[in-house]
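The heparin binding site annotation in Swiss-Prot covers LEU159, ARG160, LYS161, ARG162, ALA222, GLN223, ARG224, LEU225, ARG226, GLY227, ARG228, LEU229. Residues annotated as region '8 X 22 AA approximate tandem repeats' in Swiss-Prot: 77-248. Summarising the annotation, Swiss-Prot assigns region 'LDL and other lipoprotein receptors binding' to 155-165. According to Swiss-Prot, the region 'Lipid-binding and lipoprotein association' annotation covers 207-283. Positions annotated as region 'Specificity for association with VLDL' by Swiss-Prot, on the basis of similarity to another entry: 271-283. Look at Swiss-Prot and you will find 77-98 tagged as repeat '1'. Among the features that Swiss-Prot reports, repeat '2' is placed at 99-120. According to Swiss-Prot, the feature repeat '3' maps to 121-142. What Swiss-Prot lists as repeat '4' is 143-164. Annotation comment: Swiss-Prot describes 165-186 as repeat '5'. Swiss-Prot lists 187-208 with the feature repeat '6'. For 209-226, the entry in Swiss-Prot reads repeat '7'. Feature annotation from Swiss-Prot assigns repeat '8' to 227-248. What Swiss-Prot records for 1-18 is signal peptide.
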Amino acid sequence: MKVLWPALVVTLLAGCRADVEPGPEVQLGKEWATWQASQPWEQALGRFWNYLRWVQTLSEQVQEELLSSQVTEELTALMDDTMKEVKACKSELEEQLGPVAEETKARVSKELQAAQARLGADMEEVRNRLAQYRGELQAMVGQSTEELRGRLNAHLRKLRKRLLRDAEDLQQRLAVYQAGIREGAERSVNTLREHLGPLAEQAATMHTLVSKPLQERAEAWAQRLRGRLEKAGFPVGDRLDEVREQVQEVRAKVEEQANQVRLQAEAFQGRLKSWFEPLVQDMQQKWAELVEKVQLALRAVPTSVPSEKQ
């Protein structure tokens, strides 16, 4: 835990971008090239991003499609796919929280919901800005649209920067929470092994101590019975009463041993329960502390957008 947590915080803070940029387009392209799209929602967002970059070229084909509703419809479909995958990822993570306290689970859900909402708002603003540009473009048919395209290009650069920032924020939050879940699960397994190992050894020893006397007594009784039958020349009927008495004696001893085993098993069960109850409470407390540290680290990440260089 002490080793993993600083590494997670360093990874989280490493996502902050520098304020100095060689150029908006070059810097954005360079940053997006490092985007790790391993999750379905990340891949869906990558498709949205690539389509937006194509729109921003404002080529002749883009200009033609902007005059219709094709571009906004395509962006809407890509946005819906992205948000669908984000919700699925969030739901899966919340299921993995399982045994943690409801208060902790609610805090995590609230943090992820806010990050998800910011990402959705960014994509919604991109779509609305292009719809606005479409209306402006239709109103200026036959006139020069150079200035209009310049304003759109500058606005899209800012929106792309904000989209990338919020996407990385959501990605980092999910990664930190997932790493916390894995670390907590591994620590819990190791703790269980440490506690159950001695108990398992004690149970094995108890079984040996109980079964060995029973086996030895049964063998001794069988030898005595065999010797007596041989001496009697197999007149079993004459010694039937004696055999019955010996059988009853062995049965009584077996029942006595079985009762002792039952009592020892009940004591073992009570001891096992006393081990587990504080362990579960400790797991819940440690997980709540882990989530609290994650949230403090995330709040420390700068959220302001660096100023655009004109």
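Cβ atoms are placed via backbone N, Cα and C, with glycine included.
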- Secondary structure content of the repeat '3' (121-142), with strand meaning DSSP E or B: 19 helix, 0 strand, 3 coil
- Cβ-Cβ distance under 8 Å, sequence separation of 6 or more, same chain as LEU159 (heparin binding site); the residues meeting this, in order, are ASP122, GLU125, VAL126, ARG129
- Note on the structure: On the repeat '4' (143-164), the mean of the pLDDT values is 88
- Find, for the listed binding-site residues LYS161, ARG224, the residue with the lowest Cβ contact count at a 10 Å cut-off, counting only other Cβ atoms. ARG224
- Task: Could you tell me how many residues in the repeat '1' (77-98) are helical, how many are strand and how many are coil under DSSP?
- Result: 20 helix, 0 strand, 2 coil
- Task: Translate the DSSP assignment of LYS161 (heparin binding site) into the three-state scheme.
- Result: helix
- Task: Take the repeat '2' (99-120) and count its residues per DSSP category (helix H/G/I, strand E/B, coil), listing them in that order.
- Result: 19 helix, 0 strand, 3 coil
- Message: Taking DSSP as the reference, which of helix, strand or coil describes ARG224 (heparin binding site)?
- Response: helix
